[in-house]
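Before any comments, here is the structure.
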Amino acid sequence: MEEAIASRYKIIKNLGSGGFGDTFLAQDLQMPSARQVVIKKLKPVHHNNISLEFIETLFEKEAKVLEELGQNCPQIPTLYAYFRENEEFYLVQEYIEGKSLAELGVIHPNQCESILSSLLNTLKYVHGKNIIHRDIKPENIILRDSDKLPVLIDFGAVKESMGAVQLSSGSTVSSVIIGTRGFIPPEQSTGRTVFSSDLYALSLTIIYSLTGKYPIELPNNNITGELDWQSYIPNLPLNLKTVLEKASKIDLAQRYPTAQEMYEALHLSQGQTMAVTPNPIDLQKSSTPNLAPTVLIPNSMASVPQQVSQVSQPLVAPQKNNLLVILITALLVALGVSGGFFVVQQMKETQARLEEIEKEKEETEARLAEEQTKREEEELKRQESEKMRLEAEKERAKAEELRRQAEIKAQSQPQIRTVVVNPSSLTDGSYGTITGSTGSKNIRSGPGTGYPVVGEGYTGESIEILDSGYDNGGYLWYKVYHPSSGVTGWMAGQLVNY
Ligand SMILES: Nc1ncnc2c1ncn2[C@@H]1O[C@H](COP(=O)(O)OP(=O)(O)OP(=O)(O)O)[C@@H](O)[C@H]1O
């Protein structure tokens, strides 16, 4: 890792590396305090058909915007410097000490509500300058240690300038879409980012702080695409729930169009006076002391609130009700006429988006049907091969059974092992007697009880010994001639006294 940047900023550590470059914590060696700063190094994505000088011009333009935002809003880091070195571009910013919402995880609903309110004030100011942040997410909001206020970092436009490309028509566009999956609404992913895209991302960021879940971790309704986050936090104050639900609508037309309207809805739905949340712009970084916090004028359409008094005031003084109703009606009629074109335009955009969603739905359905058919075909194939396997298995078992039966049969067949024990003694005239308990003894056709009985002899009778052998169990048998019956056959060894 390099040790210093531009011979002035001594790198302390790398804070992160993203798609556009690296972010470092460094010390500014040219400041007496050697204050800590954050340096963002950006690398152009494409520079085939566009010169670095052109990118530099865009970068400078965006850096100037960041400078202005940081100077006037205490909840945006101050930009100290920006420069180009070789082919890389650098932003040197105020270091905000604190933890990001991503690091903080689940936060109590009351604190979430104050964070939301405070960030809506910041966005009122930012949008008032015609700037859209484009990448609001838990990682890009730091809860500053010193005052616990949320600070918005990492504006997207300057990164967008790194992806500039020239079209054949001559106009310049960015080839990159800034934003983070799950936090960007549909219109932003098609390159048509509007103010309410930031409000959408902000609502999902607050939903993260309430539930600890990123949008991609939440289940969504298959028809509307809306996320089901409410079940994770059942006892949420109604006003906060209503505001978050509206701001996170997929349909752009159903969302709050401005931060001002969302802010008003957040506070009005509590049925109270307009909030006395200090506006970041009025808690400015400039030297003006004793600045009172602001009260927002309820029917003011301006994005920059007016400073009036430190005390909370009723939304509408009762005695002025009638006059105010007339004024509001007149204002709405005037706005209705002048805003007609804008409304038609919005409707057209919404219609186009709905058609796009419909098309995406049809494509998804076709893809799912195709996948289903494929799955069914595979299942059929699998069943077929399983059937074949079972049949083969059956055949094998059958063959095995046949083999086993043949073996049993073979084993039940008596096996004759004829062994001459004492050939010299088995000469003519070798006699023995039948022994054992009184009674008849079987004479068989072979040496073993498996052989049929061919005759009988009685204990004490004399027999001529002709041969000897063993049965399957290894027992000795004698081949005898039984003179009393004239039978020749085999007798078990223990029945013969020889
Ligand atoms: N001004 C700042 N003060 C304190 N920390 C900051 C500041 N700016 C960025 N950081 C921290 O630096 C880290 C990297 O930040 P950053 O968002 O600039 O870049 P990245 O997320 O790495 O890349 P990408 O630009 O692609 O989003 C984050 O943890 C962020 O909280």
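Glycine too: its Cβ is placed from the backbone N, Cα and C atoms.
Under the DSSP three-state reduction, Lys41 (ATP binding site) is assigned to strand. Around Lys41 (ATP binding site), taking its Cβ as the centre, 17 other Cβ atoms fall within 10 Å, counting all chains. Look at TrEMBL and you will find Lys41 tagged as ATP binding site.
TrEMBL lists 9-266 with the feature domain 'Protein kinase'. Averaged over the domain 'Protein kinase' (9-266), the predicted model has a pLDDT of 92.
According to TrEMBL, the feature domain 'SH3b' maps to 429-498.
What TrEMBL records for 358-389 is region 'Disordered'.
According to TrEMBL, the feature transmembrane segment maps to 323-344.
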